[in-house]
Every structure is written in C-alpha cells, then in structure tokens.
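Trainee: Input: one structure, supplied below.
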Amino acid sequence: MALISLRQLLDHAGEFGYGVPAFNVNNLEQIHAIMEAAEETDSPVILQASAGARKYAGEAYLRHMVLAAAETHPDIPIVLHQDHGSSPAVCQASIRSGFTSVMMDGSLREDMKTPSDYDYNVDVTRRVCEMAHAVGVSVEGELGCLGSLETGQAGEEDGVGAAGTLSHDMMLTDPAQARDFVARTGVDALAIAIGTSHGAYKFSRKPTGDILAIDRIREIHEQIPDTHLVMHGSSSVPQEWLEIIRQYGGDIKETYGVPVEEILRGIKTGVRKVNIDTDIRLAMTGAIRKSLAEDRSEFDPRKALLAAKKGARSVVKLRFEAFGCAGQASKIKPIAMEQLAQWYR
C-alpha cells in the first residue's frame with residue numbers, strides 16, 4: 001500500500017473513535033517489530049523519525065526502510081511522519097524527502113531548548129501549513145511546552161526539550177488559545193501540553209490529576225472538535241521491563257509513565273495520535289540484556305537483536321489493541337497526495 005497522509009488516518013480514527021500509537025523508529029529491528037505487530041492485528045501505522053533518529057540512521061536509510069515496509073506489508077497503511085521539526089526549512093527538507101506528514105514544533109525556538117512566544121509559534125506553523133498543504137502533506141503543530149507538572153522540568157529526548165524550570169501555565173495548553181491557534185495556522189493535528197514529558201523519567205509516582213491533566217483534553221477538544229489532538233511523551237514505562245533491565249544489571253531508578261487507562265480517557269475525548277518511544281527502548285534493552293546474560297558464549301548479535309525485536313513487538317501489539325487500532329487497517333483506502341492537495345485548496 002502507498003504511504004498515506006496523517007490527515008487521512010486521523011480522520012478515519014476520529015470517525016471510528018480510536019487512537020493511533022505513533023512509534024519513533026531508529027533502526028531495522030524497530031520497523032520490523034512494528035510492522036509485524038501491525039500485520040498480526042490489522043492495524044494502521046505511524047512511523048515517525050525524530051531529529052536524533054535522522055542523525056543516527058540517516059534520513060535516506062530511514063526512508064528506504066519505511067518504503068521496504070510498505071512493499072513487504074502492502075495491506076497496511078503507513079504514515080511517514082517527521083517528529084519535532086525545528087524550523088520551516090527542516091520541514092521543507094522532509095517534505096521533499098517523501099515524508100507524508102511533518103510536525104512544526106514552534107513551541108520552542110530553533111535551538112529546540114528555548115520556549116518561544118505565541119506569535120512566533122503561529123507564524124512558523126502557518127508557513128509550514130501553507131507549504132505542506134500545497135502538496136497534500138499533513139502538519140502537526142504544538143501549543144504549550146512539554147514538561148512535568150511535578151518538577152517543572154521538560155525532560156529531554158534526542159535534543160528536544162525546553163531548558164530550565166517551566167511554569168504551570170507554560171506546561172498546560174490553554175483551550176481558548178488552541179482555538180485561535182488552529183484558526184490562524186490551519187494545522188491538521190495539535191500536540192497539547194497536559195503534564196507529560198519526554199524520556200523514561202516522567203513521574204516519581206503513579207500520576208494523578210495534580211500532575212497529569214487528562215481533564216484538560218476534553219476542554220481543548222470542545223474548543224477545536226475538528227482538529228485531531230496529539231499526546232506526546234506518552235510511553236507507559238512498563239514496570240515489568242524495568243524489572244528485567246534491573247535483574248540483568250541495569251540501573252534505572254523508580255519511575256512511572258502515562259498509564260494506558262489514562263491514555264484511553266484521552267482517546268475518548270479527542271486524542272487521535274499517541275507518541276511512544278521509551279516503551280520500545282525499554283523492551284529492547286531488557287530483551288538484549290536478558291539474551292546476552294543467558295548465553296555468555298554467544299557472539300552473533302542477530303540473536304540478541306531478534307530478542308529485542310520480539311520484546312518491542314509485544315509492546316507494540318498491546319498498544320494497537322488497547323487503543324482500538326486493531327482491525328482498522330483493512331478499512332482504509334489510500335487517498336493520493338495530489339487529491340489531498342486539491343482538498344486543501
């Protein structure tokens with residue numbers, strides 16, 4: 001199946017009331033794991049590449065691995081999404097490279113560490129929407145800074161994360177401002193700030209309403225019911241994988257992620273895209289540590305990497321099933337990018 005746009009996939013998810021996990025990918029094993037789980041569950045896929053992933057693997061390598069995935073799994077719709085673009089120029093390069101969706105993160109300045117002002121965010125996001133929509137490519141924007149309501153820290157992943165201590169107002173998207181932002185930019189999807197953060201260390205305890213503002217999602221959705229909402233920093237940090245890592249020599253302190261049941265509350269009130277990275281990293285790291293420890297004479301890295309792929313696949317499958325994605329892939333008929341470009345006009 002040809003690659004599809006984020007807008008088409010999230011429109012389908014909105015119509016049928018499910019959420020789509022968006023998995024960050026860096027290598028072959030991760031893409032294999034995601035596609036195998038998608039095939040098993042008949043789920044559509046969002047494969048997204050951060051700046052760190054593009055630097056690590058090379059954009060051309062990532063693009064061709066995703067094209068290979070589309071060729072190998074012709075019945076699975078795939079969105080190729082650029083995560084956290086730092087400027088219109090970065091987004092333009094990704095569009096030219098074949099990405100079907102880009103994120104312009106104007107909540108931060110181009111250094112991806114300095115919080116921006118509202119007018120800057122509107123300006124750069126609007127410019128990307130005009131450019132992307134002209135060729136049928138979808139755009140995700142961000143309003144508010146990702147950060148922990150518990151600590152005031154943004155967390156950092158692949159070089160993205162506001163520096164310093166943030167105020168609660170900065171870390172919570174304002175619903176009325178969200179309405180204005182969407183009207184002025186034309187984004188297809190909006191990443192919102194509700195107290196989640198990048199990385200494994202999100203919360204020091206199982207999150208409750210004082211540090212995870214799930215109820216804010218409903219307030220935002222009521223203001224922009226036709227714009228798809230996105231949760232970033234939404235790995236659940238499975239405790240079983242933390243225990244395996246520790247059991248086989250890892251040193252990870254106590255930490256908690258976003259519970260799946262809280263994500264499901266978000267999906268019921270307008271969240272359609274859920275970004276997940278850390279969960280796959282934990283599963284792969286735990287599986288590799290276990291594999292190497294159980295056979296110390298093994299020197300073929302493929303054995304450990306196969307174990308890593310199996311671990312990642314188990315996490316991905318659980319998310320597809322939990323979010324209501326399973327069984328949806330075969331219902332989606334691709335819309336050509338040229339046709340979408342006409343629709344945007």
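Glycine is no exception: its Cβ is also placed from the backbone N, Cα and C atoms.
The shown structure was predicted, so the numbers you read here are calculated from the model rather than taken from an experiment.
Annotated active site, proton donor per Swiss-Prot: D83, in sequence order. What Swiss-Prot lists as D-glyceraldehyde 3-phosphate binding site is S50, and the listing cites similarity to another entry. The Zn(2+) 1 binding site annotation in Swiss-Prot covers H84, H198, H232 and is backed by similarity to another entry. Under the heading Zn(2+) 2 binding site, Swiss-Prot lists D105, E142. Among the features that Swiss-Prot reports, dihydroxyacetone phosphate binding site is placed at G199, G233, S234, S235, N275, I276, D277, T278.
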Trainee: Measure from the Cα of I276 (dihydroxyacetone phosphate binding site) to the Cα of every one of the recorded positions D83, H84, D105, E142, H232, then give the nearest.
Mentor: H232
Trainee: I want to check the contact list for H232 (Zn(2+) 1 binding site): same chain, sequence separation of six or more, C-beta distance under 8 angstroms. What comes out?
Mentor: E142, L146, A191, T196, H198, N275
Trainee: Here's one to test understanding: among the binding-site residues S50, H84, D105, whose C-alpha is closest in space to the C-alpha of T278 (dihydroxyacetone phosphate binding site)?
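Mentor: Closest by Cα distance to T278 (dihydroxyacetone phosphate binding site) among the binding-site residues S50, H84, D105: S50.
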Trainee: List the Cα distance (Å, whole number) between G199 (dihydroxyacetone phosphate binding site) and S50 (D-glyceraldehyde 3-phosphate binding site).
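Mentor: So the Cα of S50 (D-glyceraldehyde 3-phosphate binding site) lies 13 Å away from that of G199 (dihydroxyacetone phosphate binding site).
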Trainee: Take the Cβ of D105 (Zn(2+) 2 binding site) and count every other Cβ within 10 Å, whichever protein chain it belongs to.
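Mentor: 27, counting other Cβ atoms within 10 Å of D105 (Zn(2+) 2 binding site).
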Trainee: Can you tell me the CA-to-CA distance separating S50 (D-glyceraldehyde 3-phosphate binding site) and D105 (Zn(2+) 2 binding site), as a whole number of Å?
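Mentor: Spelling it out, the Cα of S50 (D-glyceraldehyde 3-phosphate binding site) and the Cα of D105 (Zn(2+) 2 binding site) are 12 Å apart.
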Trainee: Rounded to a whole number, how many Å is the Cα of D277 (dihydroxyacetone phosphate binding site) away from the Cα of D83 (active site, proton donor)?
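Mentor: Checking the Cα atoms of D277 (dihydroxyacetone phosphate binding site) and D83 (active site, proton donor) gives a distance of 11 Å.
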Trainee: List nothing but the one residue from S50, N275 whose Cβ has the fewest other Cβ atoms within 10 Å; the candidates are the binding-site residues.
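Mentor: Among the binding-site residues S50, N275, the lowest count of other Cβ atoms within 10 Å belongs to S50.
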Trainee: Suppose we draw a 10 Å sphere around the Cβ of T278 (dihydroxyacetone phosphate binding site). How many other Cβ atoms does it contain, all chains included?
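Mentor: 24, counting other Cβ atoms within 10 Å of T278 (dihydroxyacetone phosphate binding site).
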Trainee: Which ones, of the recorded positions D83, G233, S234, have a Cα no more than 10 Å from the Cα of D105 (Zn(2+) 2 binding site)?
Mentor: D83
Trainee: Tell me the Cα distance separating H84 (Zn(2+) 1 binding site) from G233 (dihydroxyacetone phosphate binding site), rounded to the nearest angstrom.
Mentor: 12
Trainee: I'd like the number of other C-beta atoms within 10 A of the C-beta of E142 (Zn(2+) 2 binding site), please.
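Mentor: Taking every protein chain into account, the count is 25.
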